[in-house]
Amino acid sequence: MKAGARLQTAIELLDEIVAQAGKPADAVISDGFRQRRFAGSKDRAAISETIYGVLRCRGQVDWWLSRSALPVDGRSRALTYAVLTSTLAEDGADIVSDFADQAEYGVTPPGPEELAWLEGIRGHGLNHPDQPVWVSANLPEWAATRFNEQFGTDWTRQAAALAAEAPVDVRINPTKADREAVAVSLAQEGIETTACALSPVGLRLARRRPLRGTRAFKDGWLEVQDEGSQLVALLTHAQPGMKVVDFCAGAGGKTLALAAGMDNKGRIVACDTSETRLNRAGERLKRAGSFIVERRVLSSARDKWVKRRSGRFDGGFDRVLVDAPCTGSGTWRRNPDQKWRLGEDDLAELTALQSEILSSAARLVAPDGRLIYATCSLLKAENEERIEAFLAERPDFFRYPIEDVWAETVGGTCPMTGGALQLTPADHDTDGFYCAVLGRKLTA
Ligand SMILES: C[S@@+](CC[C@H](N)C(=O)[O-])C[C@H]1O[C@@H](n2cnc3c(N)ncnc32)[C@H](O)[C@@H]1O
């Protein structure tokens, strides 16, 4: 495909992402590529780069467009972004004239108004001194206010890291292969990796490459999983023979890691209110050879199965992981469409749900067992504030110092000390994850 035809595809998919507001951008893009089999792997990479570039920097792109008379849509956003970043100018070719020359690929050439706008912004970058700081930070205003309150003078650096491209990490499955063997196997297929800085079971790809066709993937030696997510699973410290609940298991990302850590000995109940997600977990568990997991669809945070199990001190679980639904603000570099879809109302709904889930899941924890609360968010309202509220209500629970849990589970130096771990893309180059490990006292 020529640059103009790629840009046209990016435009169409950007409009699809807006039209299918409930569907994650990556799912819309995958469907879009399935319908456009003519797009090769390099085309797909270039198209995705434009789409994600626009979504990550949508605050600034829309600010520029607010100074034009053009409608704000996929086309105006993609063209404006392409000119401001010169990302699609190949071999010095001019993107606007290249785009205009592609009529045979279904591209509508720019009209006079569009051309005048694009000529006018040529030579500028995304930044402009008149932009409000939340625009330059590419955050919605509500989130920028919270970042500012939370991170102080560091907040723009934290926000900037969310507008960068995320690396691809894989977690090795130690029940099938060690890290060295996985790295060698991938290298034989031309995929270079380095050991993750914090996770002892993680490898980071030198650059984004498809993994599904590799031998290591097909044999269940690895799972794609961000390093932060790997660390949460390790901090859960699920050991062979234990009884474990993954309360918000989703498609099983952390369940798989827990099963591997337990050497497939013991019992894991993977719960979620979404049957579709739990079904997706089934296929992954099979590939990884994790046969100790039973899946359970919950009706709500107050599900009857949870109620029946509560109060059964001797029948409680050793570990209950709550990987709570959240804004995903720690993953906005990976899922940049999400940041433009959420507002303060959503945050209020989520924090209420997080507290409800936490109280419900706590009923499953055996005395001396652990309740692990995690989110992929950077916002205190979803993290520290939820744990503080929970502990104020439940004096029978206490916090473990995170550095102690790290020493017994991850090893090496914990990046912080205190009552919880907060990873951020800016500080740790992982997705932003929060994790607090609580213990249930032996007697109430
Ligand atoms: C952050 S995602 C989990 C990701 C998953 N643990 C992983 O590692 O791939 C949060 C999950 O919570 C689920 N959820 C939402 N409300 C819930 C509830 N009341 N009880 C249990 N799970 C719930 C959502 O369906 C979603 O799959």
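Any Cβ shown, glycine's included, is placed from N, Cα and C.
Caution: TrEMBL annotation is automatic and unverified by curators.
The feature active site, nucleophile is assigned by TrEMBL to CYS376. Less than 8 angstroms from the CB of CYS376 (active site, nucleophile) sit GLY228, SER229, CYS326, GLY328, SER329, GLY330, THR331, ASP431, GLY432, PHE433, TYR434, each of them six or more residues away in the same chain.
In the three-state DSSP reading, ASP303 (S-adenosyl-L-methionine binding site) counts as coil. Summarising the annotation, TrEMBL assigns S-adenosyl-L-methionine binding site to ASP272, ASP303, ASP323.
Looking only at the domain 'SAM-dependent MTase RsmB/NOP-type' (158-441), the predicted model's pLDDT averages out at 94. As annotated by TrEMBL, domain 'SAM-dependent MTase RsmB/NOP-type' applies to 158-441.
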